[in-house]
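Data first, discussion second: the structure below is written as structure tokens.
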Amino acid sequence: MAPLFNLMLAILSIFVGSCFSESPTKVQLVGGAHRCEGRVEVEHNGQWGTVCDDGWDRRDVAVVCRELNCGAVIQTPRGASYQPPASEQRVLIQGVDCNGTEDTLAQCELNYDVFDCSHEEDAGAQCENPDSDLLFIPEDVRLVDGPGHCQGRVEVLHQSQWSTVCKAGWNLQVSKVVCRQLGCGRALLTYGSCNKNTQGKGPIWMGKMSCSGQEANLRSCLLSRLENNCTHGEDTWMECEDPFELKLVGGDTPCSGRLEVLHKGSWGSVCDDNWGEKEDQVVCKQLGCGKSLHPSPKTRKIYGPGAGRIWLDDVNCSGKEQSLEFCRHRLWGYHDCTHKEDVEVICTDFDV
């Protein structure tokens, strides 16, 4: 009996091997908006069928996108997200396990033992469409030829090349996103034009962005082709506030001295009009220097007057702010002071 059983097992293994030894020869996406989106179908032994979404994840979709010469993964649809396949189509693959670096789905670990999967569990894939006008996504952004990294001519990195941006596709909401992405303050001059000295050279990025102004970076905005024959005379120039930085100078430690704040790439002083203990507290807190000492700021002038710009005046804090940038003050650069009125702050040197 044992020899007969072994013979039957051998015949069965040959039959199974003849049916499933070959990996899928072709992959396609069906039912989506373009060739790089849809239900995943594979060809196996001349028959097209679907893939079960058991364990289907972003790594598997990445391989499908790569095999089809599509762009990056956008989504990993599961559960029959697209139109149902033809009634005669079978579910050919129960499970797919890719590490995400394979060039084709055939190089992944595939399970052909379909036992509990229906077309309601068909796997899908959504990749960037390289044939679409919408594939203008900037990889990075920078502001150049300005006084600091928060002011200048807008340039975006696209397909490994820096390009200027036409102001026809620019607005306040886009500027807000750029300022946030660069780690700068709020948007000031939002979409001015470059002058002859600050115009760029080389390619002009012909994309138009639609942002709400709340996005973390430009990649989260909607993009389309800009139908405009722009020249470098229309290069976009914008300015953000600098990151709110402050320091105490002239003292024996970083926790005592004349107060200076950074604006437009330059350090300047703060006028002591209306300055008091609450404002001292906020500065010490922001610098990690503990609590403020000497509650009569008007009486201490021991670190000498500053030079250059006086950036802030009439600063008013509640004392609860974590940074001086959240306190009320006059517009940057507006004041009625001299450097004899520069603010000085002395803190305890450590958090308590």
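Numbers run from 1 along the shown chain.
In case you wondered, yes, glycine gets a Cβ from its N, Cα and C as well.
In sequence order, R35, C36, C127, E128, N129, P130 make up the list of same-chain residues 6 or more apart from C70 (disulfide bond) whose Cβ falls under 8 Å from its Cβ. Under DSSP, C70 (disulfide bond) is assigned to coil, being neither helix nor strand in the three-state scheme. Annotation comment: Swiss-Prot describes C36-C70 (among others) as disulfide bond, evidence class sequence analysis.
Annotated disulfide bond per Swiss-Prot: C52-C117 (among others), in sequence order. According to its DSSP assignment, C117 (disulfide bond) is coil. For C117 (disulfide bond), the number of other Cβ atoms no farther than 10 Å from its own Cβ, over all displayed protein chains, is 19.
What Swiss-Prot records for C65-C127 (among others) is disulfide bond, and it gives sequence analysis as the kind of evidence. According to its DSSP assignment, C127 (disulfide bond) is in a strand.
Using a 10 Å radius centred on the Cβ of C98 (disulfide bond) and all shown protein chains, the other Cβ atoms total 21. The disulfide bond annotation in Swiss-Prot covers C98-C108 (among others).
What Swiss-Prot records for C166-C230 (among others) is disulfide bond.
When secondary structure is read from DSSP and collapsed to three states, C240 (disulfide bond) falls in the strand class. What Swiss-Prot records for C179-C240 (among others) is disulfide bond.
Neighbour list (C211 (disulfide bond), Cβ cut-off 8 Å, at least 6 residues apart, same chain): Q173, V174, K176, V177, L218, S220, C221, L222. In this structure, C211 (disulfide bond) belongs to neither helix nor strand by DSSP; it is coil. Among the features that Swiss-Prot reports, disulfide bond is placed at C211-C221 (among others).
Residue environment of C255 (disulfide bond) contains 21 other Cβ atoms, counted within 10 Å of its Cβ in all protein chains. Taken from Swiss-Prot, the feature disulfide bond covers C255-C289 (among others).
DSSP classifies C271 (disulfide bond) as strand under the three-state reduction. C271 (disulfide bond): 23 other CB atoms within 10 A of its CB, across all protein chains. Here Swiss-Prot flags C271-C337 (among others) as disulfide bond.
The disulfide bond annotation in Swiss-Prot covers C284-C347 (among others) and is backed by sequence analysis. The secondary structure of C284 (disulfide bond), as reduced to three states from DSSP, is helical.
What Swiss-Prot records for C317-C327 (among others) is disulfide bond, and it gives sequence analysis as the kind of evidence. Look at C327 (disulfide bond): DSSP puts it in coil.
The domain 'SRCR 1' annotation in Swiss-Prot covers 27-128 and rests on sequence analysis.
If you look up Swiss-Prot, you'll see 141-241 marked as domain 'SRCR 2'.
The feature domain 'SRCR 3' is assigned by Swiss-Prot to 246-348. Broken down by DSSP into helix, strand and coil, the domain 'SRCR 3' (246-348) contains 20 helix, 30 strand, 53 coil.
If you look up Swiss-Prot, you'll see 1-21 marked as signal peptide.
The site 'Not glycosylated' annotation in Swiss-Prot covers N316, and the record cites experimental evidence as its basis. Of all Cβ atoms in the protein chains displayed, 14 besides its own lie within 10 Å of the Cβ of N316 (site 'Not glycosylated').
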So among the disulfide-bonded residues C221, C327, C337, C347, who's got the most Cβ atoms within 10 Å? C347
Cα distance, C327 (disulfide bond) to C108 (disulfide bond), nearest Å? 58
Specify the nearest of the disulfide-bonded residues C65, C166, C255, C271, C327 to C284 (disulfide bond), where nearness means the distance between Cα atoms. C255
C327 (disulfide bond) to C179 (disulfide bond), Cα to Cα, whole Å, comes out at 20
Among the disulfide-bonded residues listed as C98, C179, C289, the Cα nearest the Cα of C271 (disulfide bond) belongs to C289
